[in-house]
Structure formats: C-alpha cells, structure tokens
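Heads up, the thing below is written out as structure tokens.
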Amino acid sequence: MTRAFSLRPLAAALLAALTLAGCAKEAAPVEEVRPVRTTMAGSTAEAGGPSFAGEVRARHETQLAFRVGGKVIERMVDAGARVRRGQPIARLDATDYGLDLSAKQAAVAAAESDLTQQAADLARYRELLGRNFISRSQVERQENAVNAARSRLEQARAQLGASRNQTAYATLTAPADGVISTISVEPGMVVAAGQAVARLAADGEREVAFQVPENALAQIRKAPALEIGLWSGNARYRGVLRELAADADPATRTYAARALIMGAGDAAQLGMSATVTLPSANRGDAMRLPLTALLDEGGKHFVWIVDPKTSKVGRKAVTVAAVGSDWVAVSGGVRPGERVVTAGVHLLRDGQRVTLLKE
C-alpha cells in the first residue's frame, strides 16, 4: 500500500512533462509575412536634380484690350479658338464714333470749300493789283487768309483721321496668328479703354512656366540645360532657361521661371502639365527612388530588395548621389528592374518573407 502511494507523484510528474511538451509543439512560432509597398528601380524618371511642376505656355502671350471704351455688342470667338492675324474678336457699339466721324468729314468738306474760296479771292486780288486797283497790303492779307484756310484744312483732316481710328478701334482684332487662350468679355458688358478682355497665345515656340524655390535658385542659374518631361507621354526634351524673375513671389516665396522646350513640336500643347528637372552634378548610374526607401544606420545607407523567387527581402548598401524633398538618387547596390521596398524599412529584417501591396 505504501509502495503504490509513492508512485503517484512520479506518474504526475511524467504526465505534466508530456503535457508541457505538447504545448511547446503547439506554440512553435509561425513565420511572419509582412506586407510592403515597393517600386521598380529604374521605372521612374531618370535620376537628376530637383524637379518642378509647370505648364506649357506660348513663347509670346498677349493681353488683348480695346483701345477705346464702350459697350460690347458682339463677341466673335470663344476660348480655344484659332485665329488669324487681323481676324475680329469682339466689337463695341460704334454709334457715337460714327456720329463723330460724320462730323469730322463735314468739317473737312467745309475747310476744303473755304480754302477754295480763299484761293480764288487771292487770284482776283492779284489781278486787281496788276491794274493798280488795290494795294500790295491787301494782297498780302489775302495770302495770309489762304494760308490760314490751308492750316484749318490740315487740322480738319487730322481730326478726321483720328476719328476714323477711333471707329476702327471699336473692333478688337488679333495682332498675330494663334489661339485665344482666355476671353472674359460678353455682349452687353461695358469696358474701359485698355481693360484686358482676352489673351492670345501666338503660334511658334512653346515653353514651360514653373516656380523655383529659394534653395534651387543658384543651381538653376548655373544649369547649362534642363530636362523637360510632358505628363501626356514618356518623351523627354531638352529645355533652355529663358527667364527667371528677380524677385520672389511674396506669398509663395518662389521665383517665376520660363524654359523653352526644344524639339517637342506639336507634342507640347498649350496648358499641358510638364516637369522641369535640373541635371545632377553626380549622376553616374544613379537611380531615383522615394526618400522613404532609404534606411540610414550608423551613417551608412541601405535599401531593401525583394527577391522575386523567394519573396524575401535583402538589405543592400547604396551611395546617395542626390536628395530632394521626397526623393533620393542612389548608386551601387541597386540594379534597374529590381523591386525596392518604399515603406516600413525600419521594421524589416534580412531574409524576412514579404507580400507585395498593390502600387
């Protein structure tokens, strides 16, 4: 009886050991598969310096305005219309200008009649002087009268020309071939002389208007050329800086700039979105990646590369060639076509299995 009782603790210990062993097997850690966002190295724009968003504009843009004021009675074109030089765009009520023109024409006719009469009187006075019927002073007075009549005629003709111009100015015409990019006048509106009512984008060269921040000002001034990409396609074009404002915009603290697009032709349409990129001083084989892809440890830089066969990540050292506000240009360690992790780089470990999120 005593012997049987002494075996019970031993059996209990064996049962507990077997139970713990079973629990240990059940609690074996499951390999964590972390979802990550990635980008394809080399799939984005080639690495370069800072980039600026811009808009395609005409090399020559003209604000159109009537040279006289009045009430608009007709608008002949809409925004986006192509016009030829001299083509009417809008017209004012020219009734008052027409009345003034008629008055000036009548004044010219009266001045011409007066000059004719004064010239005839002068001829008669000279004939009478030859017969000694009048004095020399009377002839001289008549000569002065003829000169005065001639001056009045010249003045009347000048006023008639000005009146004709005023009447012609009541019709706004295109100064060159191009496209009406904006028009803000409607029939019934009363406009003042010189008030801009439309904008003409002249045919010819195209350029990109963009804003340059203060930290890129010195670099863009020294750049021998720029790289321009249109959002509508993958083509890249050479750009030449044509204009850079001397003063910054007081609100945005950026400098207005314009760059000519070389060789784009009809591909650069007015209003298209574009990107202007400065060349990098150290380009080499650098590739541009999101700044969030860079892992910094102890002053060294790394990126995580996803192995497409095993879906595991590996850390590779890289050299930073240039850094922008949201991008980094790296060289070494990354080859074109490799998939680079762009988010959560501090949470990964070498050899960890990952799953790719949709881009």
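In case you wondered, yes, glycine gets a Cβ from its N, Cα and C as well.
Here is what TrEMBL records for this protein:
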- 139-166: coiled coil (COILED)
- 79-201: domain 'CusB-like barrel-sandwich hybrid' (DOMAIN)
- 209-280: domain 'CusB-like beta-barrel' (DOMAIN)
- 288-345: domain 'Multidrug resistance protein MdtA-like C-terminal permuted SH3' (DOMAIN)
- 1-24: signal peptide (SIGNAL)
Just to confirm my parser: what is the rounded mean pLDDT across the domain 'CusB-like beta-barrel' (209-280)?
88
Taking helix as H, G and I and strand as E and B in DSSP, count the residues of the domain 'CusB-like beta-barrel' (209-280) in helix, strand and coil.
12 helix, 33 strand, 27 coil
With DSSP as the yardstick, break the domain 'Multidrug resistance protein MdtA-like C-terminal permuted SH3' (288-345) down into helix, strand and coil residue counts.
4 helix, 33 strand, 21 coil
Residue counts in helix (H, G, I), strand (E, B) and coil for the domain 'CusB-like barrel-sandwich hybrid' (79-201), per DSSP?
70 helix, 24 strand, 29 coil
